[in-house]
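**Q** One structure is given below, represented as structure tokens, and several questions about it will come after.
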Amino acid sequence: MRYLQQIVIVAVLMQLLVSTWARTRFVREPSLVASSLWNEIEEIDNNESGSDHGVVDRSTFWPSKAKKAYHYGMEERRKKYLGEPVNFQGGHSLQGLWAMPGRHKTISMKRTTMSSPVIDRFDLFTIVFNIIISIIGGIVVNRLIPMLKEKFIKAQLWGYDLNKRNSKEIKVAESQGVIVAGIFLVLMFIMIAIVFSEHLHPESDFPNHKFVEYLAALLSICCMVLLGFADDVIDIRWNVKLWLPMIASLPLLLVYFANYHSTTIILPKPVRPYFGQQWNLGILYYVYMSMVAIFCTHAINILAGVNGLEVGQSVIIAGSVLIFNLIELQGICAEEHLFSLYFMIPLIACSIPLLIRNWCPAEVFVGDTYCYFAGMTFAVIGILGHFSKTMLLFFIPQIINFLLSVPQLFKFIPCPRHRLPKLDPALNKLNPSDVEFKKKDLKPLGWLMLRFFSLTKFIRYREYQNNDNETMINTTNFTIINSVLCWFGPLHEEKLSRILMLIQLVFGSLLTFFVRYYLVRFFYDS
């Protein structure tokens with residue numbers, strides 16, 4: 001406890017010192033900034049009056065100058081230059097499929113090149129500071145897990161590692177994801193003062209809408225951490241916890257409604273002759289965003305059951321999102337990707353120590369707390385970072401696993417409580433788990449699903465006669481984990497984990513970047 005108190009005291013002092021230093025180091029005098037900006041804006045006004053066809057070249061002004069004008073309170077000019085949606089000349093949307101609609105406002109441009117960088121010195125400082133405190137947070141997590149795991153066991157938060165020969169001999173601490181989530185939240189609270197320190201000047205125009213987004217994101221994550229830990233402790237029923245992420249996502253939806261309130265999507269080129277260029281989904285768009293939150297939160301929890309899998313897939317997804325954010329930092333959506341970076345860097349740094357200790361053979365279990373925490377973090381930055389569709393592409397293995405699990409999740413095929421692989425003690429290798437049921441109890445739709453996934457080699461099943469001369473069906477459980485074991489045969493748990501990580505890397509990351517930066521040109525304008 002004394003160790004935790006020292007960490008909190010040091011963190012608070014560091015936050016105060018760095019935010020004060022950043023304020024004095026990076027914030028310029030508002031009078032000087034305002035004066036220079038007024039001169040630039042007046043020059044643009046003069047150019048506007050003499051431009052051809054009313055098209056103004058504002059490429060040297062937007063967005064870095066617009067950001068500074070926003071920071072220093074020139075309301076009327078901000079409304080004038082940021083009051084309409086941003087489109088290239090010719091009407092090609094800058095957002096396309098990959099950004100949520102309604103974020104930017106329209107400024108006609110002759111060219112898209114920017115003469116000044118979008119990310120300024122203060123943004124670089126916040127990134128570097130985020131990396132530093134994230135490394136410190138990772139070290140703290142690495143120290144806390146061995147210190148606290150015995151306390152979790154004493155509190156009856158433990159389980160057996162069923163995929164080991166001596167599984168009944170060793171108690172393994174569960175719910176260690178709550179340690180990662182707790183340190184992550186501490187780091188994000190520290191970042192609040194750092195990120196918004198450049199707006200602490202008395203004459204600065206504080207970005208309330210960004211501040212509310214930040215707080216709403218943390219509120220949603222906190223809600224899922226609480227609900228995840230409650231699930232670990234009291235084992236909430238599946239049909240109840242399925243809808244918990246939708247409740248936790250309400251702050252995100254309200255912030256989106258207040259700040260953007262646009263529900264129009266851009267349609268792909270092949271369908272535009274039939275359905276038009278864009279659709280306004282209305283309230284269905286908010287339903288879509290809540291479904292994204294539900295899916296991201298539960299997708300990681302469904303694809304679980306072997307050591308290192310939950311944390312491993314989360315780290316790969318977070319690393320892929322981090323690379324995507326870095327690529328897009330010089331683009332028109334830099335602010336949104338900078339927002340995402342603030343969340344992804346601490347998530348990776350705090351998760352790596354847990355991955356090391358959860359890797360085969362596991363010292364600790366992550367619990368539902370980590371799965372819900374990581375999933376909601378991805379949903380938050382996908383929605384508020386305005387790249388929810390790209391985020392879903394990073395979840396391709398999880399989407400496949402969900403579709404494969406539909407027959408059992410929705411009771412078309414009997415579903416046991418646990419669908420973990422089963423251990424062959426003689427070989428110390430895992431085999432696919434299975435389920436048995438009477439063929440006459442199988443409904444026609446369930447039979448079609450069984451046949452389809454059997455033909456596509458995702459499952460194996462067989463029919464036989466029992467002692468009562470009834471036709472029985474024995475089938476492997478409908479998960480990617482069992483499918484891999486069907487494809488490759490019995491595997492040691494560590495090798496199985498490595499194969500699943502490779503699947504996540506290839507189909508969740510590399511394929512997404514191929515689609516995002518190459519294939520998309522055939523379906524969208526930009």
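Glycine is treated like the rest: Cβ placed from N, Cα and C.
Got these off TrEMBL a minute ago, pasting:
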- 1-22: signal peptide (SIGNAL)
- 124-145: transmembrane segment (TRANSMEM)
- 177-196: transmembrane segment (TRANSMEM)
- 211-230: transmembrane segment (TRANSMEM)
- 242-263: transmembrane segment (TRANSMEM)
- 283-304: transmembrane segment (TRANSMEM)
- 311-327: transmembrane segment (TRANSMEM)
- 339-357: transmembrane segment (TRANSMEM)
- 369-387: transmembrane segment (TRANSMEM)
- 499-519: transmembrane segment (TRANSMEM)
**Q** State the non-local partners of the transmembrane segment (124-145) in its own chain: residues 6+ outside its ends, Cβ under 8 Å from one of its Cβ atoms.
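**A** That would be 3, 7, 14, 18, 22, 26, 176, 179-180, 183-184, 186-187, 190-191, 194-195, 338, 341-342, 345-346, 348-350, 352-354, 356-357, 363-364.
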**Q** Under 8 Å between C-beta atoms and at least six residues away from its ends: which parts of the chain pack against the transmembrane segment (499-519)?
**A** 98, 306, 308-309, 312-313, 316-317, 319-320, 323-324, 390, 393-398, 400, 480-481, 484, 488, 491
**Q** By a Cβ-Cβ criterion of under 8 Å, what residues six or more beyond either terminus of the transmembrane segment (369-387) are in contact with it?
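**A** Distant contacts of the transmembrane segment (369-387): 95, 98-100, 103, 175-178, 180-181, 184, 213, 216-217, 220-221, 223-225, 227-229, 231-232, 244-245, 248-249, 252, 255-256, 289, 292-293, 296-301, 304, 310-311, 314, 317-318, 321, 324-325, 333, 336-337, 339-340, 343-344, 347, 351, 354, 394-395.
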**Q** Cβ under 8 Å, sequence separation of at least 6 from the ends of the transmembrane segment (211-230): give me the contacting residues as numbers and ranges.
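**A** For the transmembrane segment (211-230), the far contacts come to 175, 177-178, 181-182, 185, 188-189, 192, 195-196, 236, 241, 244-245, 247-249, 251-252, 254-255, 258-259, 293, 297, 339, 343, 367-373, 375-377, 379-381, 384.
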**Q** Which residues, given as numbers and ranges, are at least 6 beyond the ends of the transmembrane segment (339-357) yet have a Cβ under 8 Å from it?
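**A** For the transmembrane segment (339-357), the sequence-distant neighbours (Cβ-Cβ under 8 Å, at least 6 residues beyond its ends) are 126-127, 130-131, 133-135, 137-139, 141-142, 145-146, 176-177, 179-180, 183-184, 187-188, 191, 195, 210, 213-214, 217, 308, 311-312, 314-315, 318-319, 321-322, 325-326, 329, 363-364, 366, 370, 374, 377, 380-381, 384-385, 387.
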